[in-house]
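The following features are taken from TrEMBL:
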REGION    1-39  region 'Disordered'
COMPBIAS  1-10  compositional bias 'Polar residues'
REGION    64-93  region 'Disordered'
COMPBIAS  64-83  compositional bias 'Polar residues'
TRANSMEM  109-129  transmembrane segment
TRANSMEM  141-165  transmembrane segment
TRANSMEM  177-198  transmembrane segment
TRANSMEM  204-221  transmembrane segment
TRANSMEM  233-252  transmembrane segment
TRANSMEM  258-278  transmembrane segment
TRANSMEM  290-311  transmembrane segment
TRANSMEM  331-355  transmembrane segment
TRANSMEM  431-450  transmembrane segment
TRANSMEM  456-478  transmembrane segment
TRANSMEM  490-509  transmembrane segment
TRANSMEM  515-534  transmembrane segment
Amino acid sequence: MRSSISQLFSATADHDARGRNTHQLQAAGAATPSQCTNGYAGHSGSIKDVSKTDWNSRLGDGTAQLNGTLGRGTSETAETDSSGTGGMRDALEGPGAAQNDAIHLKRRVGLFSGVALIVGTMIGSGIFVSPSGLLVRTGSIGVSFIIWMACGLLSLLGALAYAELGTMNTSSGAEWAYFMDAFGAWPAFLFSWVSTLVLKPSQMAIICLSFAQYAVEAFVYECDPPLAVVKMVAILAIVSILFVNCYSVNLGMAVQNVFTSAKLIAVLIVICGGAYKLCQGNTQHLQNAFSGATPSLGAIATAFYTGLWAYDGWNNLNYVTEEIQNPSKNLPRSIIIGIPLVTLCYALINVSYLAAMSPTEMIESEAVAVTFGNRILGVMAWLMPLSVTISTFGSANGTLFAAGRLCFAASREGHLLDILSYVHVRRLTPAPGLIFHSLIAGAMVLYGTIDSLIDFFSFTAWIFYGGAMVALIVMRYTKPNYPRPYKVPLIIPILVMVISGYLVAAPIIEKPQIEYLYAVLFILAGLIFYVPFVHYGYHPKFMDNVTLFFQMLFEVVPTTSMAMFD
């Protein structure tokens with residue numbers, strides 16, 4: 001039954017590519033196994049249970065590629081678009097799988113799209129929500145500005161280390177793939193467990209709540225926007241972004257490119273407005289920048305959390321390395337272009353804010369960018385809420401784009417539900433993983449608030465960022481001859497690892513809270529599921545029917561990419 005369903009999907013894709021009529025489609029559905037070599041309805045265990053010999057025999061002329069996939073059309077030069085936009089000239093919907101081609105995620109992310117994914121994800125709600133929070137925690141304009149710059153430098157150093165990891169192992173999944181390489185299955189599983197259920201959905205929930213708050217405020221003048229309305233708009237944003245990314249990779253990247261360009265224009269408006277005020281002599285708020293009490297080490301760590309939230313997204317491109325054209329070059333190039341650009345924008349935006357309002361006004365304002373617009377733009381003040389909504393929507397789009405690939409990579413190795421590793425038979429998008437993340441993000445929107453989500457996200461995320469640095473250092477010694485197209489000085493991952501440890505430990509020492517213990521217990525709770533379902537490979541029989549049901553519902557099939565770790 002499972003194989004016949006998969007044969008039907010494979011025949012359907014072949015029909016769409018060649019324009020057959022209905023009778024031909026029915027005939028193709030009854031094709032012999034030799035005619036439907038790529039239709040596998042699912043796997044009861046992980047893909048690593050399948051030997052390379054078996055995969056090669058099924059795929060015929062498929063050969064293992066450096067990027068961790070198998071079959072034709074997966075090399076780094078496949079589907080290269082000279083425009084650098086990631087194949088945007090193609091039709092929105094892919095041509096479908098040819099009769100003997102492997103079903104896989106195609107390389108449609110070029111250099112421009114890579115930079116847009118980094119910049120578009122990083123510049124989201126943080127710069128519009130975080131400035132006042134960072135001032136509160138530092139109590140000093142000068143210290144807060146230094147932390148803004150330090151957060152940018154830390155993000156750049158971390159991303160450069162990730163560039164080495166991403167060019168060593170071009171499998172999607174970022175930290176999950178690197179933990180598998182360096183430590184083995186159970187640390188990688190714990191990362192996928194926490195990221196899939198908490199980190200990525202909470203990140204998207206935060207951004208969509210910020211989007212909804214600014215969008216609703218445009219229609220409310222004399223009171224705070226109703227919380228129920230804000231959450232409904234946030235849910236609507238999640239559904240819209242989900243549709244875009246499930247429909248087409250090219251459409252998702254087109255939205256990312258357009259919204260990134262629009263938000264950079266909005267940033268330029270803020271910077272020009274600040275420059276105008278500075279030219280008028282409004283520099284009083286920038287004087288005596290270091291007045292005030294010196295913050296404690298714990299306060300500096302929590303201030304870093306606030307600032308780093310605005311920079312988060314610097315590692316998102318590593319989640320989609322299987323879809324980057326020529327990743328050994330475009331991954332580090334995108335990082336080197338994108339993160340310094342964001343850091344420069346953040347520095348100039350903060351100076352512009354202080355040219356138009358005092359630190360006290362920034363702290364008291366719940367929408368700093370909107371207050372700035374009212375002071376500077378006059379009748380055009382409505383541009384700022386519009387700019388913020390554009391910025392946050394684009395950031396949420398990039399976040400979901402990356403999150404779906406983590407689900408795809410981890411479940412392909414048997415660490416999550418099988419169905420999450422499947423891709424749409426015609427559109428070649430990881431639809432089940434995208435839907436799964438969106439459902440959890442929607443639940444968080446209905447339950448949580450922005451502040452509580454940011455604190456939990458930052459503490460847990462930096463545990464794994466530090467773990468990725470340890471993985472890089474370990475593999476320098478355990479895999480010294482492994483190909484490294486891009487290599488960073490060893491001092492960089494060591495420095496980021498030390499800072500990560502400080503960011504995790506300092507808030508606990510300064511102000512112990514039960515929430516930190518809950519976070520650690522939640523991470524370790526993943527072992528309860530790892531031991532029976534991954535280590536011992538227990539597979540409930542009813543899951544076959546569940547997988548089959550969702551496979552028919554979503555029209556998805558498993559990829560025929562070779563698992564990286566067997």
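Here the Cβ of each residue, glycine as well, is placed from N, Cα and C on the backbone.
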Top partner of the transmembrane segment (331-355) among 141-165, 177-198, 290-311, 431-450, 456-478 - counted as Cβ pairs under 8 Å: 141-165
Ranked first among 109-129, 431-450, 456-478 for CB pairs under 8 angstroms with the transmembrane segment (204-221): 431-450
Positions on the same chain near the transmembrane segment (456-478), where near means CB under 8 A and six or more residues out: 158, 161-162, 164-165, 168, 174-175, 178-179, 181-183, 187, 191, 194-195, 198-199, 202-203, 206, 305-306, 308-309, 312, 315, 490, 493-494, 496-497, 500-501, 503-504, 507, 515-516, 519, 523
Same-chain residues near the transmembrane segment (431-450), Cβ under 8 Å, at least 6 residues beyond its ends: 129, 196-197, 200-202, 204-206, 208-210, 231, 234-235, 238-239, 241-242, 245-246, 400, 403-408, 411, 419-424, 550, 554, 556
